[in-house]
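These come from TrEMBL:
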ACT_SITE  Cys381  active site, nucleophile
BINDING   Gln253, Glu303, Asn353  S-adenosyl-L-methionine binding site
Amino acid sequence: RNQESGSSGHCLAVVLSRLANAVTPLWRLPYQEQLQVKYESQRKILQTLASRLEELGIDAQKLGGLCCPLQPVVPSPIINGYRNKSTFSVNRGPDGNPKTVGLYVGTGRERNIVCVKANHVENIPSKHKQVAQYYEEFICRSPLDSCILFHEGGHWRELVVRTTSCGHTMAVITFHPQQLSQEALATQKALLKEFFTCGPGAVCALTSLYFQESTMTRCSHEQSPYQLLHGAPHIFEELLGLKFRISPDAFFQVNTAGAEVLYQAVGELCQATGDTVLLDICCGTGTVGLSLAHRVSKVIGVEVVEKAIEDAEWNAAFNGISNCEFHSGKAEAVLPQLLASWEDAQPLVAVVNPSRAGLHYRVVRAIRNCRSIRRLLYISCKPEGEAMRNFLELCCPPDPRKKLAGEPFAPVLAIPFDMFPHTVHCELVLLFTR
């Protein structure tokens, strides 16, 4: 209808603008103004925390209503194209193409969701956009439909692209097998490999091409193994003079240059000495612990993703770091066992970097009840969410009913890091002591 009325160009421009505003809502602002917007948002979060603490009978510091001093937002060394990981969806585009590879605009409630190509989005690097473009070309050639709703059939689903400063590119393609036979699946995998190695997609120069058969929105490697179709099983990144191996589903900060600045600051805030043990909770591939290993006597990492732990162990060995041990499993199951027998004479500094879901209550309880932990650094990408609950659990008075017997922590310093330029998000580091 839009094309017939001659307004398709205008409508596309509107959709592209909507996508940019949804994904990178601050993109029109000069960078210094973006930092000021983020500072104000973090200030409100600390004001909220101060109010919540006062409700618990805890006197927050009277610093403009904040619970602790707030430093200016630390800027990102790279402002555009900084993401080292992008996730692209497959769905109907503004032009009606049901195999558009891009990002969503619209809401399910209003039933106006469309998938828009991310070519103009500021924070996604050109390499990611290139791989997305060729993945769209491939699935448009395929006789198999895209899988938008599981119960409606279809096969081709999302694309994840990961890149590193070493020039490596990994692509992970998700595919719903529906009722296809193993022979038919093998054919699709062969066609995909041929396209990206010998066909038009070869210009992407993929280091690794993975394929995952998935019958749900998100599948872990344990639920549905990642199948390597081409190239190396891992890509590699360099950070603070160390080399890190990255698996398809391993966590790694999406802004590598920003992560270097963040981890250097974390090292200073830890105030670790030669006899300190660093507890790295939600350690991912071990980046925090390994970058600080030279400052402490020992690093103990805990991570739920098994493949990430394998990467962390490899990273330690490759970099010649021998004072680290890593434990695979849910932190709420592993950590209480680790800390139950801890000797008070051994000083512990804890660094936690959980997902947006925050820490499980049993993890907070284990930290509170371990008297050796006097200093805790909480790194949060969404401090106004579930992390706020963790902050209150760490600082509330002892409560026998909740088995919180340990001395409470107190927030003493907050430093925001802009890991996500052009967006409203910030990485907040909160230092707690007791």
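Placement of Cβ uses the backbone N, Cα and C atoms for every residue, glycine included.
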**Message:** List the residues in the vicinity of the S-adenosyl-L-methionine site, defined as same-chain residues other than Gln253, Glu303, Asn353 with C-beta within 8 angstroms of the site's C-beta centre.
**Reply:** Phe251, Phe252, Cys282, Cys283, Gly284, Thr285, Thr287, Val288, Ile379
**Fill in**
CA pair Asn353 (S-adenosyl-L-methionine binding site) / the residue listed as 'active site, nucleophile', Å rounded to integer, equals 9
**Message:** Using the alpha carbons only, what distance in Å do you get between Glu303 (S-adenosyl-L-methionine binding site) and Cys381 (active site, nucleophile) once rounded?
**Reply:** 17
**Asked** If one measures from the C-alpha of the residue listed as 'active site, nucleophile' to the C-alpha of Gln253 (S-adenosyl-L-methionine binding site), what distance in angstrom results, rounded to a whole number?
**Response** 10
**Request:** With S-adenosyl-L-methionine as the bound species and Gln253, Glu303, Asn353 as its recorded binding residues, calculate the greatest Cα-Cα distance and give it in Å as a whole number.
**Result:** 15
